[in-house]
Each structure stands twice: as C-alpha cells, then as structure tokens.
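One structure is given here, and the rest of the page talks about it.
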Ligand SMILES: Nc1nc2c(ncn2[C@@H]2O[C@H](COP(=O)(O)OP(=O)(O)OP(=O)(O)O)[C@@H](O)[C@H]2O)c(=O)[nH]1
Ligand SMILES: [Ca+2]
C-alpha cells in the first residue's frame, strides 16, 4: 500500500491538478491552432474566367483562362484551362461570305458556354483580336474587313458572356503581348528577373520582342513599348513584319521564283518528285505579292520540287532586303533592331515546324541542324509521304521550306549567330498555357498586372500556421516545466499514517 502511495506521490501526472492543467493546455493549443487556421484560411476557391479568340490568318482559336477570384492581382495565377480550334480557315478568308465567319465560331463558343460555370457567364469578358490576315484584308478591301467584323461581332453577342469587342491588333501590340505572356507565365515579371524575348511566327506575320539593356527606345520610337509592371520598368523592343509569316513568305519566295512567268517552276524548297499544278492568279493574289506579278503569265504553272537546301536558302534570302538601313543597325527591310539579348522563347509555327523536324534541341550546333535539314529536303517526296502517312499533305509538303525559312529568318534576318542560336528555346506551352499574345492581351485589358508590386504577407499561410503551432507547443512545455519546478513547494496533501 505504502509503495503505491509513494509512486503516486513521485509521479506528478497522477495528481488531479496536473491532469486538469494538461487537459486545459491541450484544449487551448487545439483551439489556438484551429482559430489561426480558420481565420487565415484562403477563402473558398472561387474562380473567375476570361475568353480570348485569336483570329489569326490561318485559323481562329478560342482560349479560356481561369484565376482564383480573390487573387486578381497576383502573378502567375491566371491559367489557360481550355483551348478550342475553330474548324475552317481564318476569318479573313470569309471576305466574300462574312456571315460564315460568324457561324464558324459557333461550335467553340458553345463549348465555352458549357465549360464556364453558368453563374459566371455574364461577368466573363470575351475578346476577339485579329492579326495579320485581317490586317492584309483591311489594306486590300477595308469594307470587306468591316463586314467580317460586323458578322463576327453579331455572332459573339448572341452568347451570354460580357462581349468586349472585336478588333485588329497592331503589330506592336501582338509582339508586346506575346512577350508579356511568356514572362508572366515564367513568373519573371513579379520577381524582376531578366526577361525572355519572344519570337512568334504566324501564317502572315512574324514578331520579335525583347529587352536590350543598351537600347533606350529613342533611335526608333515606333519599335519601342514601355511598361511598368510590378514596380519594374521595361523598355521593350518589338517589331512585327507583315508578310513574313510562313504562308506569306512561301508565297513571296515562290512568286519571286516565278516572276518571269514560266510553265514550270523548279523549286529547291520542295522535295524531289513533288509536283503540282497551281494557278498564277492565286499565287499573286494579296498585298504581299501583287507587286511581283509577271506581265504576261500563263493561267497555271507546274510546281516541281528539287530538294536543295542551299538553293532554297538563297531563294528565301531574296525576299529579304538588306541593302538599306538608316539606323545604327538593322534586321532587314530597313527595320531597326538593337543588339540581341537572350534568352528567347520561339513559339507558334517556330515550334510546329522545328518539332516536326526533330530540331527543337538548340544545344545541337547550328551547322548540324543545317546538315540535317539539307538531308531532309533532299529526301524524295514519295518517301516522305510513306514516312508520315498521318500528316496533312499541305503541311508535309512545306516543312522543307518552313525549316529553311525559320533558319534563314533567325540567322540572316535577326542576326542570331551559331553561338546565340542556343539562346533560343522552341516552345509550345508554358505550364498549362499556350505561348502567344492572347493571355498578355487579356491581362492588360483586365488590369490584372499592377504597375506596383502589391503588398503581400511576409509568410505564406502554411508557414504562418506552422510557426504559430510550434510556439504554442513550446509555451505549453515551458508552462509545465514551470509548474514542475514549483513542485517542492507544494503543500503535502496526504500525511503518511503513523504506524505505532
Ligand atoms: N505543322 C503544323 N502547322 C500548323 C499547325 N497549326 C498551325 N500551323 C501552321 O503554322 C502557321 C502559323 O500558324 P499560327 O501561328 O496559328 O498562325 P496565325 O495565328 O493563323 O497567323 P498570324 O495571323 O500571322 O499570326 C500557319 O501556316 C498554320 O497553317 C500545326 O498543328 N502543325
Ligand atoms: Ca498568330
């Protein structure tokens, strides 16, 4: 009996006081942590949405973006959740049947209607931006371009979103918003890191945009865009070359080869064995080529492949003008370009083409890349078709030209060297979003990138709760130790019975 009592006396945890203290302490810690977690928990994740239609020269694509409702101002939080490729050609191809341009967008719009939650429809902004195809149509026939916009606007307003209008982007906007997209998605803007240049190759125009430290914008103000984003100033160089997208460049190159109006055009940019009958009138339609039209041409010509990379490169070079430059340095066609400053992300057709050719790895020396393309171009057309039975014939026939055009544009046009070629990364997506101008355009129009860095709490939520919990446990242990240190002073509750 006495041994048991002694045990009980030596083990303070068995005293009622200690049990009560422990229970209260544990309840207090649980309550403290629960309150901290609940109080600081991010609000229920409600999402907002935005829709952008990219009305390009070759086709239209719809993108849906999503971001947490309470975080409009934070970087890297807007993500592409869906994209839809509109069936058929770009809206500029509907000049003679504008209503069909509107109609063509319906399937993708209906998809968007299903994917964006109904209660968000009315507050979801919907934008349509048109690029080089509509720029060319506007130059050629402005009333036709107005009619296309009218039809497209009418069609889009039938949907329950908040329609914000359809317009042609300037080449500057197209280049600058592509740059914003790439750097936003890479989280470079908020962190003030060195930015990545953007190279976009479309069907009818191509853009180059980058920040160069030794360029202040004064030499060619029309190539300069200034931004203040998250507290940092950017002076961006950007230029869009109309007609230098890959489809129009192909047309210009072929038009140049056929300028004497022959019955057969022997084309080094197409595979040996490739042959097709083409119309002169189609070859020379549109503002990029109309001035090259031969005086007296036949109705058709036979387009015959020769598969010679070096000759193709010479033919491609003939559509660039390197003869005049009124600035300290130029790319081509008398356009100012400051010293290149890497890294660069190259997307759209840069990616489609280099990915098909298995040449996206830019650590491979440029000479090796050229050798590989030389072999590819020289491969007979029937062999190419056998090797790629699933690829659309139109795309397949043009990869030799497109690859040659890309290398020529980068090296001869923009002055990338064997060394700086490795600064380029061919990309399609960054995280889940496509690289392109659409995201930057929406971020700008919804004011989602603030000029100044918003204040943010010094600790992330998880860190804050963890520190709070550790401190609470430490305080509790200290409290227990303090109580134990007072133990010798406790009055004896039970007296030892005297054994007589
Ligand atoms: N090989 C291949 N080519 C593609 C694909 N998608 C588009 N293209 C072609 O690549 C070129 C550029 O496509 P986009 O970047 O969509 O061009 P776009 O936006 O219509 O044209 P711009 O208005 O000049 O920007 C066009 O010649 C398209 O026909 C693809 O999936 N594979
Ligand atoms: Ca485009």
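Keep in mind that glycine also has a Cβ here, set from the backbone N, Cα and C atoms.
Since the structure is predicted, the reported quantities are computational estimates derived from the model, not experimental observations.
According to TrEMBL:
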- 174: active site, proton acceptor (ACT_SITE)
- 203, 204, 205, 206, 207: ATP binding site (BINDING)
- 17-38: transmembrane segment (TRANSMEM)
- 463-486: transmembrane segment (TRANSMEM)
* To do: Starting from each candidate's C-beta and looking 10 angstroms out, tell me which of the binding-site residues 205, 206, 207 has the most other C-beta atoms.
  => 206
* Structure fact -> Whole-number Å distance separating the Cα atoms of residue 204 (ATP binding site) and residue 174 (active site, proton acceptor) is 13
* **Intrachain C-beta neighbours of residue 203 (ATP binding site), sequence separation six or more, cut-off 8 angstroms** => 56, 57, 58, 90, 132, 133, 245, 246, 247, 248, 349
* **Candidates near ligand 1 among the recorded positions 174, 203, 204, 205, 206, 207, judged by a Cβ under 6 angstroms** => 203, 204, 205
* To do: Can you see whether DSSP assigns residue 174 (active site, proton acceptor) to helix, strand or coil?
  => helix
* All-chain count of other Cβ atoms within 10 Å of residue 204 (ATP binding site) -> 28
* Residues near residue 174 (active site, proton acceptor) in space but at least six apart in sequence (CB under 8 A) -> 131, 200, 205, 207, 240, 437
